[in-house]
Amino acid sequence: MNCEMVTSPESVNLGDSNRAVSPFCLPDCSENAVAQTRSKTLDNAALDLPYVGNRKKSEQDFFKMLSSRDRDAHSTLRKRSNSLSSFLSTKSTSASENKFHGGLNWLSLKLNLLLRLQGRMNSARTNTSMNPYSCDSNENLSTLSSVNQNFNSRQLLATIVPESIQNGCSLLRITKKKVRQRKVSLDPISGYLMLDKNTGKAYKKLCVDDIKEIRQGRDARNYREQYKISSENEKRWFTIIYCADNKLKAMHMISPTLDAHNQWIMALEGLKTYRLNEFIIGLNLVCHQGEKMIDYSENLNPWEKLEKEQSAQLDLGDVHRMCQMLHLNASMEFLEETFQKADADHSGKLSFEEFQHFVSLLKTRSEIVDIFKEYTSGSDKMSLEQFRHFLSTSQKARLDSDSIRTLYVSFCSNDDSKMGLIEFTSFLLSPHNSPVVPVIQDMSRPLNEYLISSSHNTYLLGKQFGGESSIEGYIRSLQRGCKCIEIDCWDGPNGPVVCHGHTFTSMIKFNDVIDAIRKYAFVVSPYPLFISLEIHCCPDQQRQMVSYMKQAFGDTLVMKPVTANESVLPSPEDLLNKILLKVKCSATPLHQFSTDILKVGITDSSTDTTESSELENSELTGLRKGKRRMKNIIVQELQQLAPYARSLKFRNFSLPESKTYSHIFSFSERTIKKHGKAMVPRLSKHNLRYLCRVYPGPLRVGSTNFNPQVYWRLGVQMVALNWQTYDTGLQINDALFIADPPTGYLLKPPCQRIIGTTVGEEGLPRKIKLTIDVISGQQLRRARELSNSETLSPYVEIQVHSMEESPFRWCSKVVHENGFRPFWGETMVYESIISDDFYSMIRFLVHHRGSNGNDSIFANFTCPIDRLQQGYRHIRLLDMQGENLLFSSLFLKIKKEDI
């Protein structure tokens, strides 16, 4: 059934006064009818909207599109997109991603896309194949859809996105001020969700590739309640979480019927999964068992018998348009040169066989061919002994003979049990050749001996002044492996709320935050989660917090010591899947007055636990002038929920309270800078035994980050950063905790956890030489801001962040108009004296040189120098939101030596 556009009423601004009268009001175009519309429920209005279509029939059609072996997996289609989004939100290079070799046989399989655009799809058929795509090296996600060869892409897309949704349906869009009907359509070809297209109005569009998650039902309840929408609409409400301008945003919709709602969810999730599948299909994949190469082009014939042989030929323009569709950022000059090599009969058009040759030419990487020839003495096969020689001399691998043999056999061809060029390339791209040394650490040490991935102002999505508070900040942080989050609690009209006090930020319910934490606390890592509570609530609302946390967290909340008579903190292993509260505690009477002056302006989170005695003296002056306020009273019921992170106001490192194993000090960066070098040795000594947290100062209104290396070198366990800002500081933080899967914990070096040692005692400062050959790039993704006529012109910048105040920088030349396979062949040499290579970082940035001379960074990768492996390595790139750029990599040769 087609979904016709319904004439929507004029939008009416729904202020707080309107919302207070009715949980939900559909606005009327008549000013005189406003009072009547306040009593009109959304359900009644929704009944007037047309039915989107027959979802059951669409599902049956979709089943027909699947091969028999995949029909069992169809039931997971609705969950698959969210699972993939969750996986892709983590920036760690997982083993599964490396199982996809960046070859180009998929071009052959997707010729039908171009033919469809040319109107020649009558006889062309496509046959796609299953791809393993797992969250880690051991477990696969639900298998991606396999499409039967009797159906083409047009049929599949029409099934995923019904015609009614393609043409546009009336949905209600909910914003802060308005509720209005919008014509919403989904274009399966471009992948854009569009609002009010072809209605004569300015329209908004959103690419499904930018969708991070789709929330519905109870998972979106907090948004529905925030906008005061009746619970009767819960089943038809869905929230699209997407990324735009490097920020998380939310789009809220209500479908007219439950069937329409379900069809929209399936269309959005199905198209997102399909597009990811399209990007993967046809690549030279590595099988999950044995990780052997499969060349699908030998097994598939998507062309079959065409009615007209001439329609099976492509000219240079066709190939260029196809490469643009498939994000192959190659210049016209490069494509023309390759095209001419493949055009054997010089006809100016490619047959299918010639196109296969064209693809093989694109796939050929001369730099790997040269390496292969060097270690095989020109042979077309690499023997076991030659492979062993390559690993030991080039890659500096320390593997025993049996391990090398097992690795070699797993990559050998089934035909002759020998490693050819394709298998060798597969190895270079596999997790077995990762550029980063895997983290294998003891998790049985006390908590104070670990660095803990920590977030500051977790609830904010943007700036500290006037920004938006959202549970998305908590969800995204937890999905990325954060293990210490912050909640600023304030009195709300109907219970505690979370916001950044006195800064005009929005508010969210405390209970909604707790619900989100409960759901996502351990989805990535089972190790304990710290919740830093900053309390600004009255005693009654504090008790409400206690009650709800006990109810929501249950046994996962640690409310008493794990064992009796403890003298040291428990280990992460002792606290698997446990939640620890960090709460300000005091031995002084609860009714005392504070010496805090009333501060005007931006609230510095945690200030009540960080000020030194020097600051206290200045505040006493304020008291004499009559500027005083009642200290926040932390009720005993709440203090008792923090057996291992009792936050104390810092007075002196020598006091008895500073030597209790369960206390924690919190300092702003401003406080540490103010005390300077005098504080450094005492703080470092304190952090050998006890917990400490450092967070950004209040003047960072843009939510920027400091360099966390400064505080890691002092042994600070919880260096809290603004995770909403993916700047250099956060990239360095992510690099330190990089792991697959992420744990959120990293054991400190011995000098920072063993009493009696000092920094550098494991080894004197040494001079190192780091040589990196920047060889080439692979399938660099086109930056969104580029115009359709502009081709990527990349260059590489390398930075070394060590103890120097300014990082070392080196830049390559610009490769103009080639983002598909740029070749640099340049060498960076870095020499320096290093005593703390545990915290020293190397950072790779890929820039685009614009036609107007403006440069922009579109990809990055950061890694600790001491964990950077030597030899030929592919580094997997991230975009500037910290998301994986699938199949985009830099090919390097790395050498480290002491001099």
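Even glycines carry a Cβ here, placed using N, Cα and C.
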Record (Swiss-Prot) lists phosphoserine for one of S83, S351, S787, namely S83
For the substrate site that Swiss-Prot gives with K582, K584, R693, which of S658, S662, S666 also belongs there?
S666
What three-state class does DSSP give E354 (Ca(2+) binding site)?
helix
Between the recorded positions H456, K582, K584, R693, the one whose Cβ has the fewest other Cβ atoms within 10 Å is K584
Determine the minimum-neighbour residue: among K349, H500, listed as recorded positions, which Cβ has the fewest other Cβ atoms within 10 angstroms?
K349
If one measures from the C-alpha of D343 (Ca(2+) binding site) to the C-alpha of H456 (active site), what distance in angstrom results, rounded to a whole number?
59
So which recorded positions are near K349 (Ca(2+) binding site), with CA atoms within 10 Å, out of H456, H500, K582, K584, S666, R693?
none
Taking only the Cα atoms, work out how far R693 (substrate binding site) lies from S347 (Ca(2+) binding site), in Å, as a whole number.
70
What counts of helix, strand and coil residues does DSSP assign across the domain 'EF-hand' (330-365)?
23 helix, 3 strand, 10 coil
Measuring CA to CA, name the entry from the recorded positions S347, E354, H500 that ends up nearest K584 (substrate binding site).
H500
